[in-house]
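Q: Sharing the record's features from TrEMBL:
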| type | residues | note |
| --- | --- | --- |
| TRANSMEM | 25-41 | transmembrane segment |
| TRANSMEM | 61-79 | transmembrane segment |
| TRANSMEM | 86-107 | transmembrane segment |
| TRANSMEM | 127-145 | transmembrane segment |
| TRANSMEM | 165-188 | transmembrane segment |
| TRANSMEM | 224-242 | transmembrane segment |
| TRANSMEM | 248-272 | transmembrane segment |
| TRANSMEM | 284-302 | transmembrane segment |
Amino acid sequence: MTNKKKDEDDDPNDKQIRTSKTPSWVWLCLALFAVITYVGMPDPLQPPHGQSPSIQHVFYYGWLTAVFTGLGALPLAFAPNLAAYWVGLSNAVAAGMMIAASYSLLYEGWTFDDPNDECSVSVPARTIIGGFVGLVFINVTERLLADYEDLTVGGLAGADAKRALLIFFVMTLHSFSEGVGIGVSFGGTHGSELGVFISASLAVHNIPEGLAMSVTLMPRGTSLATAIVFAILTSIPQPLMAVPAYEFVYHFIPVLPVGLGFAGGAMAWVALFELLKEAIEDSGILTTACVSSASLIGMHFLNEIIDHGARS
């Protein structure tokens, strides 16, 4: 009886991971985010019809898309402590979502078409170049992180911290191209209306991306507040890139396919060689295949709905 009890206690699938204490800098970040959201609000909130949006409008709508990313962490508030088996499932979910997002980014780059794009290099070639550079970049980053055994991120340490940091890098990198997309959408003839709609669509799209970031943090002991901050930080490039893209729209258009390919390649690497690998170790290959496939299909379906709404 005693040996059986001991065996059960030693089962890694039964071990619960305790939530770490929220660092003080996280609360400061949340307070700062709240202040920016309130103080930065333009008046009127929506750009006047027929008038060019102000820089404040462009920044604020980009900022709102970043804030919405934090909402992706909220579902995990109901189950913050998971056994190793469920941590593996969360990795499978995140991997499926990231593979779907990677496909969407590469497809968007490959099919990119804009009348103001005067680059002599073809769009598919720019997308392929971006994807290759993204793969090389994330591989080099992974090798560099391997030298830091005592790395800590959001209460995580060791391999968990490195994996979380890789995913954070990938999510942040792909936000640069999304920020450019926001700025470009505000710059057209109907920019006041199109920019608002594109920003709203992107805000909805950011919620599952925030979830993908959070499921790599909270099941390993990171607090809800910390996960929200990390999720929002991955989208900070959106408001930061929206303004210069709006001001210099014609200079940013040619590099969009490269940025989309870069983000898609980097995201695919992390999903396939980091998240899926650990998910298989914790939950088994069959379970991982089923869960990640369902997650991929669900994320792809959501992307199709959002893209269809943006085109109509």
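Glycine is treated like the rest: Cβ placed from N, Cα and C.
Nobody curates TrEMBL annotations by hand; they come from automatic prediction.
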Q: How about long-range neighbours of the transmembrane segment (224-242): same chain, 6 or more residues beyond its ends, C-beta under 8 Å?
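A: Distal contacts: 20, 22-23, 26-27, 29-30, 33, 58-63, 65-67, 69-70, 72-74, 76-77, 80, 154-155, 164, 168, 171-172, 175-176, 178-180, 182-183, 186, 202, 206, 209-210, 213-214, 217-218.
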Q: Which residues of the chain, 6 or more past the ends of the transmembrane segment (61-79), have a CB below 8 A from one of its CBs?
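A: Same-chain residues near the transmembrane segment (61-79) but 6 or more away: 33, 36-37, 40, 86, 175, 178-179, 182-183, 186, 195-196, 199, 202-204, 206-215, 218-219, 224, 227-229, 231-232, 234-236, 238-243.
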Q: Sequence-remote contacts (6 or more beyond its ends) of the transmembrane segment (165-188), Cβ cut-off under 8 Å?
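A: Residues 47, 53, 57-58, 61-62, 65-66, 94, 98, 101, 105, 134, 138, 141-142, 145, 151, 153, 194-195, 198-199, 202, 209, 212-213, 216, 230, 233-247, 249, 252-253, 255-256, 259-260, 262-264, 266-267, 269-270, 274-275 contact the transmembrane segment (165-188) from elsewhere in the chain.
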